[in-house]
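Annotation source TrEMBL lists transmembrane segment at 30-51, 71-89, 101-121, 127-145, 166-185, 197-221, 233-252, 258-278, 290-308, 328-348, 360-383, 389-411.
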Amino acid sequence: MMETSGAFLLGRQKTTICTIDRSERLQQRLLLFSFVNLFLTSCLGILLRTFPYLSLFPLNYKNVLHGHSHFAFGGWIMPVLLALVLKCFPELRQTVAFKHWRNIAVLMLISAYGMLISFPLQGYKAVSISFSTLSLISGFYLAMVSWKASRILSPSLSQKFLNAGLFYHVLSSAGPFATAPLIILGKAGTPVYYDVIYFFLHFQYNGFFTFTVLALIYKMLERQNVSIKSGQKVFLLLQLACIPAYFLSVLWHGPSLIFNIIGGVAAGLQVIAMVFLIRDARSLQWKNRFIKLLFTLAISAFILKNILQFMGAFPYIASISYGYRNFVIAYLHLVLLGFISLFSFAATFQSFAIRITRTLCLAVILFLAAFFTTELLLASSALSALLKYYFFGITPLLLICSCPFPLGILIMNLELKTQLATPQSHVD
């Protein structure tokens, strides 16, 4: 047993400096790949918006949509969170052999680019499913090394959040693995089929992504030696809520009222947790007001997301939210763009010592302009449909307002690449 642990852990001090250098290079490369992938994701989003005007386009809309969503998860969110975890958890990256981090990163990126190509070309077929499975496996690998390392590290609240997030990633994989048997049994397109898909999405959004972001927030607080007064309460409340909150994801086909009650209680626990989170998050020290603003917007999006989940427990609201597609898209973008992405921007600029130049400010402003305008258009168009009032011109407006996304992200990429090449961006 001791020999196995010795092979897994870095026990030779003479390799520490070399390992740290390699780890820093890996973090920076992961970060750059992540932001390039965010740009590609936004380009796919623009392509989806142009489909109504592309009558002879050779690719299928749903296949491109699958590529867009899978690449957003596997190409943007997973790599950027891994880069931030490696940066913010030095004890974790120094405990686990470098080869494991390298292998995880390679698996993530190979699977992401595989999904980017295969899903638009063929949809859910053998090749795309294989790359999707490989993406899940990269998360299993990350969970394994993190859990194993945490056994010998001093216990911390941030590590508990991280381990919980990785647990929910593993749990979420039951959804994709259950779809193949359901298809074989002729259940494709049935409520139970979509329920297992929502199972995956729920535990990715509300489990893996959320708990990993909170792990990074509390790690920042720990490294700043800030007194954490409510972190244990946040952790306990969100842990109690995460699994039963899945019941909110099955309300679309009108199950028993007990599902609304259980889901509503879970959503209420999440809202209470937000009160305690705000108490702690207010103590974070940021390099400047611009980064603090991004973080504030991210937390605001997270709070709004939890309030919307609580409202969705009421039968009438649930029927509306699932009955209008633009409501669903607005909600998904609120989480992925408003919460996860804005937090990732703030954490990247803070942790990697990125200078807030005018160019970078312009890039972020373009992103924010696209985010707020498209969210407003999606929500208002769905609301107008609910009120039986036709919203004229929504399709071209969404296309026009989405264009700043790739432009802002491209500028962000160029600025990050320039700054990460300079020594001042290498501080820990």
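Using the three backbone atoms N, Cα and C, a Cβ is placed for every residue, glycine included.
What TrEMBL says about a protein is an automatic prediction, not a curated fact.
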Test the contact criterion for the transmembrane segment (389-411) and the transmembrane segment (30-51): 3 or more CB pairs under 8 Å, pairs 6 or more apart in sequence, then answer yes or no. yes
Residues sitting near the transmembrane segment (127-145): Cβ under 8 Å, six or more positions beyond its termini, same chain? 8, 66, 70, 73-74, 78, 82, 96, 100-101, 103-104, 107-108, 110-112, 114-115, 118-119, 166-167, 169-170, 173, 176, 180, 208
What stretch, picked from 71-89, 101-121, 290-308, 328-348, 360-383, has the most CB pairs under 8 A with the transmembrane segment (197-221)? 71-89
Segment-segment contact (the transmembrane segment (101-121); the transmembrane segment (71-89)) at 3 or more Cβ pairs under 8 Å: yes
Are there at least 3 C-beta pairs under 8 angstroms linking the transmembrane segment (233-252) and the transmembrane segment (71-89), leaving out pairs fewer than 6 apart in sequence? no
Counting Cβ pairs under 8 Å that are 6 or more apart in sequence, does the total for the transmembrane segment (258-278) and the transmembrane segment (233-252) reach three or more? yes
